[in-house]
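Enquirer: Structure below; questions to follow.
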Amino acid sequence: MRTLWIVAVWLVGVEGNLYQFGKMIKNKTGKPAMFSYSAYGCYCGWGGQGKPQDPSDRCCFLHDCCYTRVNNCSPKMTLYSYRFENGDIICGDNDPCRKAVCECDREAAICLGENVNTYDEKYRFYSSSYCTEEESEKC
């Protein structure tokens, strides 16, 4: 059920921030975000609970924390401007909310790229029923 919800959100949100975030992830990891990270581990995808399963999942945990800090900006749907330049992601918005959301996505994409070697297929489409351990850290 979680996977269907995530796919539905991705399809509805292709014009919004989730599409932009997906492009950043693809740029940094070489992996298509929707198929590789939309239901990965305990934190990649919609929602999250428990303990991150590996460094890639921890990137998503940190991304969730960042979104919590900018929650008043509607981070999952806020459009922002950015560009790829010499392998870097440059957030280019003067609006504080848009800039903050872009920076959350940028940092997560960089983190996923730096940890792409930890990606483990066993955590792809991981059931949230396995995410019952207490969080290892707080935001």
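Any Cβ shown, glycine's included, is placed from N, Cα and C.
The shown structure was predicted, so the numbers you read here are calculated from the model rather than taken from an experiment.
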Enquirer: If Swiss-Prot gives Y43, G45, G47 as binding Ca(2+), which of D54, D64 does it give for that site as well?
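Expert: Record check against Swiss-Prot: Ca(2+) site with Y43, G45, G47, extra candidate from D54, D64 is D64.
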Enquirer: From the list C97, C102, which cysteine is recorded by Swiss-Prot as disulfide-linked to C91?
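Expert: Checking Swiss-Prot: disulfide partner of C91 resolves to C102.
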Enquirer: Look at the disulfide annotations in Swiss-Prot and name the partner of C42 from this list: C111, C131.
Expert: C131
Enquirer: Swiss-Prot pairs C73 with one of C44, C97, C104 in a disulfide bond, so which one is it?
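Expert: That record, Swiss-Prot, gives the partner as C97.
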Enquirer: The disulfide recorded in Swiss-Prot for C111 goes to which of C44, C59?
Expert: C59
Enquirer: Of the listed cysteines C66, C139, which one does Swiss-Prot record as disulfide-linked to C104?
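Expert: Going by Swiss-Prot, C104 is disulfide-bonded to C66.
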Enquirer: What does the structure give for the C-alpha distance between C97 (disulfide bond) and Y43 (Ca(2+) binding site)? Integer Å is fine.
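Expert: For C97 (disulfide bond) versus Y43 (Ca(2+) binding site), the Cα atoms are 23 Å apart.
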Enquirer: Based on Cα coordinates, which of the following recorded positions are within 10 Å of G45 (Ca(2+) binding site): C60, D105, C111, C131?
Expert: C60
Enquirer: Give the sequence-ordered set of same-chain residues, not counting Y43, G45, G47, D64, with Cβ within 8 Å of the centre of the Cβ atoms defining the Ca(2+) site.
Expert: C42, C44, W46, G48, Q49, C60, F61, H63
Enquirer: Should C97 (disulfide bond) be counted as helix, strand, or coil on the basis of DSSP?
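Expert: Helix, per DSSP.
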